[in-house]
């Protein structure tokens, strides 16, 4: 079998020039077409065998048709290659170099208009392959098939208004003739022979050349008049900077002009040139000239950078470029500097405008102040003129008050800023002294209160309303009260008798809301208290007919804790007076009873235990219990002090001096054939002598229950029980009744407490305003009959002071504080009630 088919070329011819043979190895083409059943057998050409994948392939060989192997089309026209002169190698190389570069386009190269282009087909395509599937080859005989039909299409068009020979559409705007085709003269490219537009397209779509487009194209061609000597045909690119860009760059570079201290001291070694150079900052590198080294030979400087031939250097002048760049930089800096100067001037204009507005406002304000001060000066001069002794129309206190009211209403700022102290001293003080010259505070305590209240609102400094001490140099009203009003009070207090306290108390009550707090404190501490202290020292409870509480207690609302130093000598004098006292004398109770709510609970209880309880115990020890002839005077003397001494002290007296003798008499009586009815009456009679509060005490209950047990044991024994029928039942009934009464009393107490709680709850629910802590204290004070009222003109750290019985308190954020010896101590509500009792 011949293997000559392996040596055929791409067209099936046998290559006689070469004896090479095809290898039987598997190629890449075999791998790619391994699973392609319709692949065309490709005969390897000599060029493919030589160059492999770098071989140039014919387009006819590497692009098979869709119909399998395509037969040669002998009906296609013959393509001739025009003969000509073969270009030289230099020109071919130049063309190859210029293929990848941009080709300049001239204005004359563009056609004026473009017509429809005929699709150029190769000679290898058959005429049958130029149409689409299902289409026709030509549109010349469009609609000719209606000769063989009934012409339904033409009829439908005519029914819809179509007129033969005219265009389609409502207004016959459609084309009448089909699109014309124009045959190109030769086989050149599109536009090679001029415009290819038909007469019909020129009529339907006229084209008017735009002058702007023509001018733009002309400018493009004009900029390309110079040819780059290097052979590059690229269009040079120019960059333009606007003034806004320069301004923005100047604002940014302004922050970066000052180099960093660290970078400005860095040592830099430049080894890019022939010699090593040392720079001491990065900024010096930017001033380095980009010039070739002089030491290099000319041939080495002109060596090409690549494998291609070295191109000739362009026309360049480094000095001219440097000068131009320097001019550009100077111009940019000048623009930036002018922009900064302009911005500075604008800011200066705005600043001066604001300063002008401020100065205008200040000027207007100063003019108003000058005008107001002139008016104030006129009024002051008028007052000064009328204050002269020889004036026919002297100034009165009421007229002076009206002048000051005018100053306060119309010229408030000037009035507040002026020195009111000096003005009041010069004008008001003489008039005020004349007004109070004939005043007697104890006879007419309300004299001058209205006029002083008016001057308080005119002269008092608002900043000193809460001032605790005296500041006469800053407040005109305080100085007025201290220098004009206080001398009259001092004179009257020196003549006042403390036992006649009502006029003085009424006088201070009338002025407590008007005078400053520190002046009231001065009156009470320096004038009133020494007089009271001296009078207490001279008081003798045995000889004085006027009780001491009658002239001490009226001072409690005003002085309160200030009277504490007087209580100790009062208790001492009362103790001395009670040394020889007997409980049969009831005058002691009348003297001591008003002091029960004044002394503290501890001091009162200690006073009672020391001076009263021993006397009562001695009296109760002398009591003789005789069922047949009982004397009750001593018992009444003791029980009469039940409200004065505590229940525990009274129960202690009964346990020690009464119940032992009482139980002993009961046992003796039961052992001598008693009459149990009489014993029952005797038992119930003694029990009725005690109050419910004493009977509710556990110790007293135990003693009476012990008596019932003794009676039950006596009835249960055989001795004497037969002598009185029904005695056992009577004693049992009595025991049951007493126990039931005790139970009912306890239940009633619990029910009362529950009812009180329910009533308080209903009251709170019915009230629209919720109860606060102050209302709760007020409710507790009402329940325990304790006086709860605010202290007039007294505050502590801005909080209102109250009297709770004899205790001074104040409330701060739901906590009650009680005044101690040196400080205020917080306490609970129950402790407060116990202290007040």
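Cβ atoms are placed via backbone N, Cα and C, with glycine included.
Range with Swiss-Prot annotation motif 'Nuclear localization signal', chosen from 682-687, 688-693, 694-699, 700-705, is 700-705. Of the candidate ranges 610-634, 635-659, 710-734, 735-759, Swiss-Prot annotates residues 710-734 with the feature region 'Required for nuclear speckle localization'. When pLDDT values are averaged over the domain 'G-patch' (149-195), the model yields 78. Residues of the same chain lying 6 or more positions beyond the ends of the motif 'Nuclear localization signal' (700-705) and with a Cβ under 8 Å from any Cβ of it are 651, 654-655, 659, 662-663, 683, 687, 690, 694, 738, 742.
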